[in-house]
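Shown next, in C-alpha cells, is the structure this report addresses.
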Amino acid sequence: MLEEILANNERFLQTQRPALIGHTPRKRTAVVTCMDCRLVTMFEQALGLQRGDVLELRTAGATISQLERTGGANDLIRSLAGGVYLLGVREVLVVGHTECGLAHVNPTVLTASMQALGVDPQQLIQRENLGDLNGLLSWLGAFHDVHMNVHEVVEVIRQSPYLPRIPIHGLVIDIQSGQLAVVDRDTRA
Ligand SMILES: [Zn+2]
C-alpha cells in the first residue's frame, strides 16, 4: 500500500496545486468522529465541509476509552484544548455513526484476533490491571449504543476542566445515507 500511495502522490503533485490557506479553522469548529473507512470523503460532503473549515479529530468509535474519562485529561481533550486555545475553536460537534465497529465488538473474536497476532489478552489484562475481559473491552472503547456513547463523550468534554464553556453538541450520522440526527444539542446558557 505504501508504494501505491507514493505513486498516487506523484500524480497528485503533477496535477493539483492546493490553495494556500491558514491553519485556523474558518468555521471555528472542531468535529470529532470515528475512524470508519466509510466516512472517508463522504463525511465532509454530508456536513458540507471544505478544506480549512474545521478541525477533524478521529478516534475509534468517536469515543474516549472508559479508563481515560475521569479527570477529563485524555488525548481527545488535549487535541480539543489545542484547537480551542491555539486555533480559535469555539464549538465542538461529536459525531458518532450507525453500524460502528465498536458498538459490535465480539469479545471472542477480539481475543482470538489478538492471539493470532501473538498478543496474549490475559497477560495484557493482568499487566494493565483491566480486571477481566470486560475491562479489556472498556479499554478498547467498546460500547453498546451509539447514541448513549455520543451523550457520554459530549458530557466528558463539557465537564473537562481543561476546556472553557463552549457549545458541545452530539450527533449521529447514518453511515449508509449520510443523514445526520442531533442527539444532544447544547442548550446550556
Ligand atoms: Zn465507527
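Residue numbering: from 1, along the chain as shown.
Even glycines carry a Cβ here, placed using N, Cα and C.
TrEMBL: automatically predicted annotations, no manual curation.
Owing to the predicted nature of the structure, the values given are computational and were not obtained by experimental measurement.
Annotated features, as they stand in TrEMBL:
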type	residues	note
BINDING	C34, D36, H97, C100	Zn(2+) binding site
Practice problem: Tally every other Cβ atom lying within 10 Å of the Cβ atom of D36 (Zn(2+) binding site). | Solution: 21
Quiz prompt | Chain-internal residues, separated by at least six, CB under 8 A from C100 (Zn(2+) binding site) | solution = C34, D36, G61, A62, V146, I175
Self-check item: Residues within 8 Å of the C34, D36, H97, C100 Cβ centre (excluding the Zn(2+) site residues themselves)
Solution: T33, M35, R38, L39, G61, A62, G96, T98, E99, G101, L102, V146, I173, I175
Quiz item: Near H97 (Zn(2+) binding site), which residues of its chain come within a Cβ-Cβ distance under 8 Å, counting only those 6 or more away in sequence?
Solution: T33, C34, D36, L39, A62, V146, V172, I173, D174, I175
Quiz item: Which of the three DSSP states, helix, strand or coil, fits H97 (Zn(2+) binding site)?
Solution: strand
